[in-house]
Amino acid sequence: MYNRYAVILAAGQGTRMKSKLYKVLHPVCGKPMVQHVVDQVSKLNIKEIVTIIGHGAELVQAQLGDNIKYALQKEQLGTAHAVMQAKEMLDGKEGVTIVVCGDTPLITHETMEALYKHHEETGAKASVLTAWTNNPAGYGRIVRNDSGHVEKIVEHKDATEEERKIQEINTGTYCFDNQALFQALSQVSNDNVQGEYYLPDVIEILKNEGAPIAAYQTAEFGETLGVNDRVALSEAEQFMKQRINEAHMRNGVTIIDPSNTYIGADVTIGMDTVLYPGTILSGQTSIGSNCKIGPHSEISDCTVGDHTVIRQSAAFDSQIGSDVQIGPFAHIRPNSEIHGHVKIGNFVEVKKSVFGEGSKASHLSYIGDAEVGRDVNIGCGTITVNYDGKNKFLTRIEDGVFVGCNSNLVAPVTIGKNAYVAAGSTITNDVPEEALSIARARQVNKENYVEKLKSKK
């Protein structure tokens, strides 16, 4: 096997996106387009990856990190000019270089591997990945000779009327003999309608030199979709969404309504979990097995254990254990830790808090900046009063505590083990273990007082 190299083209401005965000950083299923491409390329046996950057260079580098190399294209003068920027890093090295666009987020490592193998098996100096489409407008056309071999690639704007009828298109992904590539690049001209240096011209140059040229046709045109505007971005999103959902279903996940369920590219889900309509799973979320999520639940960057139910609720940047019940209409805010067999009920908000095993907050409560022990019962309407307008303070509720309804726990405060807080109390001091704390005004009944009030009118 030859040494393998990769060049990822990510320097285009993307003016048709009409966005301040650099084109290849637009997300598809929660991940920037260029990250999708790099992740797929990284699954190949690649010796060196060079990403060509231009507009938004620093942002692209920040996204992709330091494990790949970068070459700067200061002026966007075409795809051949872009690849030429990698000359200092790759020129003279023996092997095969794949060139792929950073705005093709749907391309898979399987397709690129097939192109690599086809290139190596045919002994070609250049190989192009092609596809068939009923609507080739805007794509470069693959022009073949009478023997069926690739003669040249013609850009749409430079194609004749006859050439525009061709339905086999250039996907923008190539394999080249590395040394032949850089030798041919020096001969590319910008004598065309756009005045740019086209990478497909390398094919014709090598062909005229008698070098063998190959083409590998992918059966999936959608995989080669290049994203140049918001319409194409939406198409890529739908294609990727379907791919992700189908992969999870094949791995044992039930999705009741795939068209109404969103799963991010990096989400993992265990077997026999059921996703109901309106579910959104994003970021680095991991869902265990035998869970029920939704309907209409959003979970982002959370770890969820097995046999957990989350209904009509939202959870962010938190850890949720097994056999937990959340919702409906609960909100788990960042940095919360919900242990096993916990119940977080309707209209309960949890923020930066720990809930110990078996504890419950079933209704209409706010638990913020709190440490809740095991087997705690938090009554309806309980509030941890954690903010004095300047600082946040901690509330500790130890194991076995029972907090009555409509209680205010004014932090910093500790409720000792197995203590009881009477309903309607406002607790401002620590409560000892096993104690009953009552902190409310004594009830006063005034007999026959209503008649006196009425007589004053």
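Placed from the backbone N, Cα and C atoms, the Cβ positions cover glycine too.
What TrEMBL says about a protein is an automatic prediction, not a curated fact.
Under the heading region 'Pyrophosphorylase', TrEMBL lists 1-230.
Under the heading domain 'Nucleotidyl transferase', TrEMBL lists 6-215.
Here the Cβ of Gly140 (UDP-N-acetyl-alpha-D-glucosamine binding site) has 25 other Cβ atoms within 10 Å, regardless of which shown protein chain they belong to. Secondary structure from DSSP puts Gly140 (UDP-N-acetyl-alpha-D-glucosamine binding site) in coil. As annotated by TrEMBL, UDP-N-acetyl-alpha-D-glucosamine binding site applies to 9-12, Lys23, Gln73, 78-79, Gly140, Glu155, Asn170, Asn228, Arg333, Lys351, Tyr366, Asn377.
Within 10 Å of the Cβ of Asn228 (Mg(2+) binding site) there are 16 other Cβ atoms, across all protein chains. Marked as Mg(2+) binding site by TrEMBL: Asp103, Asn228.
Mean model confidence of the region 'Linker' (231-251) amounts to 98 (pLDDT, 0 to 100 scale). According to TrEMBL, the feature region 'Linker' maps to 231-251.
What TrEMBL lists as region 'N-acetyltransferase' is 252-457.
Look at TrEMBL and you will find His363 tagged as active site, proton acceptor. In sequence order, Gly345, Asn346, Phe347, Val348, Cys380, Gly381 are the residues of the chain that are 6 or more apart from His363 (active site, proton acceptor) and have a CB within less than 8 Å of its CB.
DSSP classifies Ala423 (acetyl-CoA binding site) as coil under the three-state reduction. Cβ neighbours within 10 Å of Ala423 (acetyl-CoA binding site), excluding its own Cβ and spanning all shown chains: 16. Per TrEMBL, acetyl-CoA binding site is recorded for Asn386, Tyr387, Ala423, Arg440.
In space, Asn228 is the closest of the binding-site residues Asn228, Asn386, Tyr387, Ala423, Arg440 to Lys23 (UDP-N-acetyl-alpha-D-glucosamine binding site), judged by Cα positions. Counting residues 6+ beyond its ends, the region 'Linker' (231-251) has Cβ neighbours under 8 Å at 17, 26, 28-29, 33, 36, 105-106, 222, 225, 258, 261-265, 267, 269, 271 in the same chain.
Among the binding-site residues listed here, namely Leu9, Gly140, Tyr387, Leu9 has its C-alpha nearest to that of Asp103 (Mg(2+) binding site).
Here the binding-site residues are Lys23, Arg333, Arg440; the one with the fewest Cβ atoms within 10 Å of its Cβ is Arg440. For the acetyl-CoA site listed in the record, the two most distant Cα atoms among Asn386, Tyr387, Ala423, Arg440 lie 22 Å apart. With helix defined as DSSP H, G or I and strand as E or B, the region 'Linker' (231-251) counts 20 helix, 0 strand, 1 coil.
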